[in-house]
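Some features that TrEMBL has for this protein:
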REGION    1-33  region 'Disordered'
TRANSMEM  60-78  transmembrane segment
TRANSMEM  90-110  transmembrane segment
TRANSMEM  149-171  transmembrane segment
TRANSMEM  230-246  transmembrane segment
DOMAIN    238-380  domain 'O-antigen ligase-related'
TRANSMEM  252-271  transmembrane segment
TRANSMEM  278-301  transmembrane segment
TRANSMEM  367-387  transmembrane segment
TRANSMEM  394-412  transmembrane segment
TRANSMEM  418-435  transmembrane segment
Amino acid sequence: MQGGEEAEQAQQKVPGHRASHSSGGADFSRRSDLPTEVGTTTLKLKASFWNFPLLSHSSWFLPTLLFLAAALWGVWIAGERGPALRELRWMVIEPLLIIGLAGIMARWHAAHVIADGRTGDLPRPASRVSPPASRLPHPPPYWHRLLQAWLLGGCIAALVALLQLVGLNLVPLFGIKAGFSADSFFVEGVQRVSGLYGHPNNLGLAMGRYWPLAAALAYAAWQQAGMRHAWPYFVATGLCMAALLASFSRGAYLGALVAAFVLAAMLLPTTRWRDRRLWWAGGATLGAGLLIISLSVILGIERLNPFGASGGIRMQTWASALAMLRDHPLGVGLDQFGRLYPSYIAPELRATNEINTAHPHNLLLDIALRMGPLGLIAFAWLLANFYRRSVPQNAILVGAAAAMSASLAHGLVDQFYFWPDLALSFWLLVALVVGRTDLSPTDY
């Protein structure tokens, strides 16, 4: 035995020699083992692919397949195939490929972490007693890093928007964007900014996805590890919430209220709901909101008036979309609403900017017109599975549920899915929930 160890040590001293590792990685130093190692590595990659939750569980694979079928139907029935194919690539194929590849890499990375005996968990405060294995943080490091990178992108976008609000426009440093308005403009009594997005409403849509996840992670990190680990998430929450407020999107405000309720209901312990101070705080917040709305009506700040003229325009848009759906019960195809809308627009809006409306500003009407009944069934199936799995067992699941709830509430009066960033966010939220059901509320 000792002679064998000495021989192995001597081999390792030979220049160019590479020792094999127990982590399961391929060893190409021994040419005779090359076919076996390549085959093993290939099998591992295949296993990682088929173990990706969207493919390995029929509860996710079947609705995803139905979603793809509905998207293809949207291309087939489109009057103009060019825009439909572009939307198929931007809103369907590319987001699914990105999240699918991320899932494969996450499984592959997790398998190698386990094989090497590493946890790769987030830093913890020094402790004399090691936490039990069941209390180790989740999800796997790869997903956590991906989520952190996504939140970092949201913080950068939020910071750019907030700087616009004070007169510093950094958008040209990022390149040229296609916008529907100026980067910053005064309208209906308020100063609105769009940041890196094409319109302030798009800024509100994006920030409504970011801040609930950041807030859930901030709360969990604060509860479990203190402010030392929680402060980056608190900063992210503050930046994204401030940018959402700066968008002056009433739909984003509605989504934020829904997300805040979901976060409170799923994160706060049951005993806290008996605390009168919590109810006083909630009542004070509601009263402040009603006071702001009342003052905006009195002072003529139309943007903060929920009963203003834009609400009537939105209802006229819905009526036109319903008329279009009656004429095309199987849908009109991907990215076809703007082409047909001038034939259905209310006569009094024909001479306004509303003639350029590209979607019906309602998720049910939008999905039905773009993808037909199959699209409605696919989304309903995916969302039912999402909420069934996003039980309050982990901060990431809670944040994902709050972000999805905000997007649904906002989608009732604006866009829900059919922008590239919104499509990617949708599938990221779904991927975070898939397979993450064995976690506790304080894990992050």
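Going from the start of the chain as shown, residues are counted 1 onward.
Glycine is treated like the rest: Cβ placed from N, Cα and C.
Curation does not apply to TrEMBL; its annotations are automatic.
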Interface-richest range of 149-171, 230-246, 252-271, 394-412, 418-435 toward the transmembrane segment (90-110), CB pairs under 8 Å: 418-435
Top Cβ-contact partner of the transmembrane segment (367-387) among 60-78, 230-246, 252-271, 394-412, 418-435 (pairs under 8 Å): 60-78
Any contact, the transmembrane segment (149-171) to the transmembrane segment (60-78), with at least 3 Cβ pairs under 8 A: no
Same-chain residues at least 6 beyond the ends of the transmembrane segment (60-78) whose Cβ lies under 8 Å from its Cβ atoms: 53-54, 84-85, 87-88, 91-92, 96, 330-336, 370-372, 374-375, 377-379, 381-382, 385, 430, 434
